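Below: one structure, written as C-alpha cells.
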Amino acid sequence: MKPKIGIYGLTGCAGDQLNILNCEDELLKLFDIFEIKSFVMASRAADESVELDVAFVEGSVSTAKDLEDLLAIRKKSKILVAIGHCAIYGGVQAMFMEKEEWIERYQKVYGKQDAVTLTAPLEPKPLSAYVKVDAALPGCPIEKEPFLKLAGMLIHGVVPKNPDYPVCAECRWKENECLLLKGEICLGPLTNSGCGAICPSHNTGCIGCWGPIAEENYAAEIKLLIDKGYDLDAVIKRFSIFGGTERAEKLRKFLEKEGRK
Amino acid sequence: MRVLKLKKGDFVLFLKSLKRFGELWGPVKKGDSYVYARAEPENFDLKAIRTIIPAKKFFLPKKSTILKFKNGEWREHQEVVNRVIFGLHPCEIHALNIYHKFYSRLYPDTYYLKNREANLIIGLSCIPDDKCFCANTRTSVVDEGFDLFLTDLGDKFLVWIGSPKGETAIRHVGHLFETVTAEDIEDYITWRKERDEAFQLKIPLEGMPEIVSFSYESSIWDVMGEACLSCGTCTMVCPTCTCFDIQDEYDIKAEEMNRERLWYSCVYREYSMVAGGHNFREARSERLKLWYTHKLVGFMSKYGSPACVGCGRCIVSCPVEINILTVVKALKKEKTGAFWERMEVKNA
Amino acid sequence: MLEAKKINKNPYMPEKARIVRKYDLTEDVRFFQIRIINPDLVLPLTSSYKPGQFMMLSIPNVGEAPFSITSTPSRPGVFEFCIRKVGKLTTKLFELKENSVVWLRGPFGNGFPVEQMVGKDLLFVAGGLGVAPLRSLLLYALDNRELFGKIFYLHGARTPKDMLFREEFFRLKERDDFECYLSVDSDPLGVWPFDIGVVTDLFKYVKVNAANTAAVVCGPPVMYKFVVNKFLELGVPDNQIFMTLERKMKCGMGKCGQCVVGHKYVCVDGPVFTLWDVKNIRGLI
C-alpha cells in the first residue's frame, strides 16, 4: 500500500511547496510512490478525512487558524515533517529580539489588536513550539535534492536526520576561498548544510537561510567579526534575520552578558 | 634514481604528450589562491605554493558512491578516472605516502588502490613562503611516491624518474630529454641552497608527542574550544586527514540506493556520538585535542613520524587561527597573538 | 617506489544474510539469530571468529552499525546478536520479520585474547547489554571447558524482567562445572530467588587464583570503576583485566576514524582493551 501523504502550508511564502512542485522530472515518480491526499497548492481536491502516514508542513504558526490546522494535521499524521525555515525555526517573522512584549510590537505595526479580523494573530513560532516534529528539512526554500532524498528515506519507513555539519563543509568541498578569512560576514560555520554553499560559491557571504546548526558557536563568530572591525549592531542584525526564535533568545542573553543594550 | 633534463620551452609539449595517460590536472589560480583543476598545461601555475584542497581529493573523493543497491542486491560502484596530476610539492607527496600507508594496510581500501593506480603523479619543486615549514617536518625532499618529479631551475627542469610508469611516460617523447651535465648539477646545488635558506617559518616539532601528552589536562584546549567554530575546514584542507562518513541515500528516479562515502571531520559534533545520543566528545575542546593528539602523538607512535607535512594549509585556513603554529606555540607556553588567544583575554 | 598492492575483495561489500530467529529478551532488547545465505561462507565465517568481535550489520537505505556477536564460534552455523532499540537502524531492524534479509560485514575487531586465557581462571562480570560479548566468551569457555581453570560468571540487572538471557542463565546455573551468580538491583514483584543488590556484592562468592585469572567486564560505563576496583582488590593484574568498549563506527576496519581514541582505532585495536590500555590511553573510558 502506498504511503498517504499531505502537504500543507501555514504562514509563509509557499516557496517550499512550490519547490516540491518544481521537482518536475521526479514529480510523476512521487505521485507514483505516494498517495497524495492533500496538496492544496497543486489541486483543490483534498481529502482531509483520512489518516496520513506523512504530513509535510511549511510555514510558521502565526495565527489562531494556523495553530488549529497544525493541531489537526498532527492528530491525523503518523510522521510530521517540518519543511523550510519558517516551520523549523519560525522564519524571518520570528527574528525579532527586542525585549518588548509581542502585543506592543503588533500594535506598533497594525494599530489596535483587532485590526486584522480574518483570524486572531499569534506571535510567529516554529511548529515545534506547539507539536512534536518528527523530521525537519531545512532550507529557504527547501532544495529539490534533499527533499527527494528525504522522500526516499520515508518510503522505506525511515525517519531521517539531517547531516549535522555546517555550510563550510560543502564550501570546502567546492574549493572556495573562505569569505570569513577575506573579512566578509559569512554565517557558514553556524548554518545547516544542504544548499551546496551556493552563496559563498558566488562570493557572497552566507546569510544563514538554512537555519542554525545544533551546536552553533555564535558567540565566537560575533567576537571574530567585531575583531575584524564590524559594528556589533550590524552583526547582530545579520545574525537575527534567519536566526529564528531560539537564536533570538541566545543573542539577547549574549548581549546582556556583554553588557550591551 | 635516474635524472634527466627537460628544457622549459618543452614543458608544455611534454605535458600534452601525457594526455594518453588521462586527463591533465594541475594547479591553477582561483581568486587569491590555487586549486587543482583540469586544464591545459599552459594554464598551470609553476609558482603555486599550496592549493585550497590538497591532492587527496583524487584518491579519496570528497563524496563518492561506493556501493549501489537495486533489486535486492548490492554492486560495487566506482568511477575511476585516469589522470595525470601535475604540480605536487614534496609535502603533498609525503602526505600521499601517509595516505598510502594508511589505506593499503590492514583491509586494503580497494577504492583508494584503484584511484592510486589510475593516476600519474608528477611532482614539482617549490620555494617556500612564510607559511611553509616542511623543513621541520622533514618532508621538504621526497624520494618515493611519484612517477616523475620536476625541479624548476629557471630555464630548465631536472626530472627524477620515480617509477616504471614514469619511465614509460618519458620514453614516448625521449627526444625532449637530455642527459644531466656537470653545469646542471651545479645549478641544482645553487638552487637547493637557496631553497633551503628560504624557509622563514620554523615550527620545531621535536618533543611534541611528550609535550602534547603532558598538556592533556591543560586549559589551553578549553580556550581554543571557546573560539572553534567547528567549521571543519582544518580537516578538509589537511592533506593527511583521512576520516570519512558513510550514508545511505535512496535515488527515487533510478529506484536504487547509493551508499555514499564523504569527507567527515572530527571537529563535528556528531563525530563521536553513538545511537541513543551519548557523545564521547561533547566539548569542542575534546575534539580539538583529539585532532592534535592524533596528528602529533598517535600517528607518531604508529608510523614513526607526525601526520603533519608542513604544508601550512591549516595556518592559512582557520578563521579563528587554531592551527599547528599557534597550538605548538601555546603548548610550549609561548604567546601566539592568535584570535582565539585575544578572545580569551577579552573574555577574562 | 611505493609497494604495489594487490587489489583484493572489496571490504565494504556486505554479505547477504537472513534473520532465522528472533525473540524479545526484554521490552527493548531483542535476540537475533542471523544466517549467512552463501553456503560456502557459513562455516568458514561462523566457526573462525573470536568471542568479543563484532559485525557491521546493515539495512539498505537505513545504514550500517557495529554489533557485538553474542554467539560462540564453538557452535557455528549462525551469528547471534542481542540488540537494543536505540536509533534509526535498530528501530528498523525491530520491524523486520523472521526470514527478512539483512546484510553483514565482518567479523571485525581484536576479540578477547582467548589463547592467553587458556589455563587461567575466568571471572566474568556482566551488566545490562554488556552480556552480549561476554555470553560469547562464556559459552566458548564452557564448550571448551577443559582448557580453563575455574569459571565464575556474575551478572547484574536492574530488575528480574531486565535480565537478558534470564532463562538461559537459570539453566546454566544448574551446571556444576562453573559458578553462575545472578543479581538484581531491586525486585519490585518479589519473585527473584537469588541475590538482590548491586553486581559487585556477588564478589563475595568469588574464589579464584587472582594472579592466574583473566577478569572480564562489560556493562554500562558507571559499572566499570566499581567492578575494576573489585578485580584489583582480588589482586588480578592490570593486563589480565579485559573490557570491551562501544564507539561510533562507520567502517569497522580502521579507516573512517570515527572510533579513534588517541592512537587507537577501537574497531581494529579494540573493542577489547586491558585495564593497562585504559590507564594509558586517555579518553578510552
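Cβ coordinates are placed from backbone N, Cα and C, and glycine is handled just like the others.
For C:12-114, the entry in TrEMBL reads domain 'FAD-binding FR-type'.
The feature [2Fe-2S] cluster binding site is assigned by TrEMBL to C:Cys251, C:Cys256, C:Cys259, C:Cys267. Within the same chain, residues at least six positions away from C:Cys267 ([2Fe-2S] cluster binding site) with a Cβ under 8 Å of its Cβ are C:Pro66, C:Phe108, C:Gly109, C:Arg247, C:Met249, C:Cys251, C:Gly252, C:Met253, C:Gly254, C:Cys259.
The [2Fe-2S] cluster site, placed at the center of the C-beta atoms of C:Cys251, C:Cys256, C:Cys259, C:Cys267, has further neighbours from the same chain whose C-beta lies within 8 angstroms: C:Arg247, C:Met249, C:Lys250, C:Gly252, C:Met253, C:Gly254, C:Lys255, C:Gly257, C:Gln258, C:Val260, C:Tyr265, C:Val266, C:Val268. Mean pLDDT across the domain 'FAD-binding FR-type' (C:12-114) comes to 95 in this model. Sorted by the number of other CB atoms within 10 A, the binding-site residues C:Cys251, C:Cys256, C:Cys259 start with C:Cys256, the lowest.
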